[in-house]
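Q: Sending over a structure as C-alpha cells; questions will come in a sec.
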C-alpha cells in the first residue's frame, strides 16, 4: 500500500522514553523513539528479542505498571497527547480507537470465560450492545476472523481451541471496537508456518476492509517485508534505522540492519553455516556509551564511542550510523 507523504499523521510519537524501577534504581529501557503513522499505513517494528519493540508498543497506550514505570516524551493520537489524558478518556481510546493483539493468547485470554463473553465485553464497553444483540455481533466477528461453526464455538473456552484459533479470537476482540489503529505484537509467535501465513493474510484483509493503520511488531524480517509499508529497526532500546520497507531491504544503511538481513537464509545459497552477528544485545544497565551497537559492529570507528543521534536522510529514511566509505574497516 502506497501512503502519500502529505497525509496528516494519525499517530505522532516524539522523544518517547520508558524507564523501569528496579532494586538498584531506575533503568532506562527505551529512549529517543520518534515516528509517525499515517491513516491506512502499516509500520513494522523489527529487531532481536530485547530490542525494545514490545516495551515501545505497550507504552503507546500506557499499559505499563504506573507504579514501577515512568514515561517521557509524547504520543499524540489525532492531536491528543495520550500521556497527559485523563484515565477516563484514555479508556475510551483503548480498544475503540487503538486496539492491541498481544503475544501468546493462551496467557491473554481469560480461561474461565467463554470466548463469546470475552468478545461481548468489548461490544458492551465500546458500542453499548447487550444480550442477543451483542451475541449476534460476536458471532459475526468470529465468522469474520474465519472461526468455523462460529454460532456453536462462541460458547467454548480458550483451552478447547488451537493456537491459531485462539489468535483469531484475539483479533476478533481487537476489532470489536472498530479501531483506527491496530497494534499487533508478534501475532504469529509459536504458530507453525502454515498458520502464520493464514493469520497474516487475515490481518492484511482486515486492514484493507476496515481501513486500519497497523503497527506490526516482529523479529521476522521476511514477514514484515511482505506486510509493512515502512519499518523501524530497533536495537538496545533505540531506533537505529527507519524508512520505506523496500529501501531498507535493498539498501540497508545501518550495520545492524545489514547483519539482520544477512542472517536470513537463502534457499539458493549453499552454506555450511549462516552469517551471524557476534555477541548479544547488552542489558539496559550495561549499555555502552555512544553507539550501542559498536561492540558488535564490524565497521566501528573511533567516533562511535560518542552518542549517535539519528539522522534524517532523503527519501523518508533515517539512520543512527553515518554513511561510510566502502573501504572503511573496524578500528575499535
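A Cβ is built for glycine as well, from the same backbone N, Cα and C atoms used for every other residue.
Okay, these came from Swiss-Prot:
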type    : residues                       : note
BINDING : 47, 48, 49, 50, 51, 52, 53, 54 : ATP binding site
DOMAIN  : 11-261                         : domain 'ABC transporter'
Q: Could you tell me the mean pLDDT the prediction assigns to the domain 'ABC transporter' (11-261)?
A: 95
Q: May I ask you to report the DSSP-based helix, strand or coil state of residue 54 (ATP binding site)?
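A: Residue 54 (ATP binding site) sits in a helix per DSSP.
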Q: Within the chain of residue 54 (ATP binding site), which residues six or more apart in sequence place their C-beta under 8 angstroms from its C-beta?
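A: The list for residue 54 (ATP binding site) reads 103, 185, 186, 217, given in order along the sequence.
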Q: Which chain-mates of residue 51 (ATP binding site) that are at least 6 residues away have a CB under 8 A from its CB, listed by sequence?
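A: Long-range Cβ contacts: 234, 235, 236, 237, 281.
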Q: Taking 8 Å from the centroid of the Cβ atoms of 47, 48, 49, 50, 51, 52, 53, 54 as the cut-off, which other residues in that chain fall inside it around the ATP site?
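A: Going along the sequence, the neighbours come out as 219, 234, 235, 281.
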Q: Find, among the binding-site residues listed as 48, 50, 53, the one whose Cβ has the highest number of other Cβ atoms within 10 Å in the structure shown.
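A: Of 48, 50, 53, the one with the most crowded Cβ is 53.
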Q: Starting from the Cβ of residue 52 (ATP binding site), draw a 10 Å sphere and report how many other Cβ atoms land inside it.
A: 25
Q: Just name the winner among 47, 49 (the binding-site residues) by count of other CB atoms within 10 A of its CB.
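A: Comparing the binding-site residues 47, 49, the most crowded Cβ belongs to 47.
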